[in-house]
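Below: one structure, written as structure tokens.
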Amino acid sequence: MNDYIVVKCGGSMLDQLNDVFFDCIKKLQQQYKVVIVHGGGPEIDAKLKDCNINVEKRDGLRVTPKEVMDVVQMVLCGSTNKKLVMNLQKHNLLAVGCSGCDGNLLQVQPVSGEIGYVGEVSYVETALLKGLINMNYIPVIAPVGINDNEIYNINADTAAAGIAAALSAKELIFITDVDGVLHEGKLVKKTDESEIATFIEKGVITGGMIPKVQAALASLKMGVQKISIVNGTKDFTEVTGECIGTTVTKGVSIV
């Protein structure tokens, strides 16, 4: 049980997680060292609306001036993180919630002054994660990071990819509400970078699946060897520990 697995669960999925999801995490934990990274977009948007603060995104990244960062921090590091931790523990999975600024876990470089406090992962303090895992806890990470004693928002997909790359994880699993990439109604079990580009060009991959596969491609570029896109509302783990869904790698695929 030396391999790490990073599980990324988007904010829109958190309310859809059922007993099956937590059973899958238990199965993964029997064979791997598990880290969970979560998003929180819908809850952040709702809180910003309550505060009469505009929601603005550019190229998929949330524009994050100081007033927005305060709300992002409150939601991600507070209610969203703790709800997921409590849900895991309700299913007898010991978890510790922490944010990327705790123990300097996620250090970032600012993306651009134009979009405010948004950062890209530049360094991961893996000793903190390994310490928690060695004490049999699942680290549950809120994707904010630190630079020069300021807190920055991090896209949850790239935060998960950065953590997976730093841990040399066996796999990064994206939890979604679909079975994976479909081609002519059938699940594409294995694919690679070039095939995904072809699928997008030919319209095989459309709509909400496009950002998911783009996140997978970005993860490959960051050094992650294997990414799986799975349906978190169904059993997505084989007895062998392999994922049921679409697996994306750099190499040539056999579909």
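Every residue gets a Cβ built from N, Cα and C, even glycine.
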Candidate sharing the substrate site with G40, G41, N153 (per Swiss-Prot), from R58, R62: R62
Integer Å distance between the CA atoms belonging to K8 (site 'Transition state stabilizer') and G40 (substrate binding site): 11
Max CA-CA distance, Å, over listed substrate-binding residues G40, G41, R62, N153: 12
Spatial separation of K8 (site 'Transition state stabilizer') from K212 (site 'Transition state stabilizer') - C-alpha basis, Å: 11
Rounded Cα-Cα span from K8 (site 'Transition state stabilizer') to N153 (substrate binding site), Å: 16
C-alpha spacing of K8 (site 'Transition state stabilizer') relative to R62 (substrate binding site), in angstrom: 18
Separation of alpha carbons, G41 (substrate binding site) and K8 (site 'Transition state stabilizer') (Å): 13
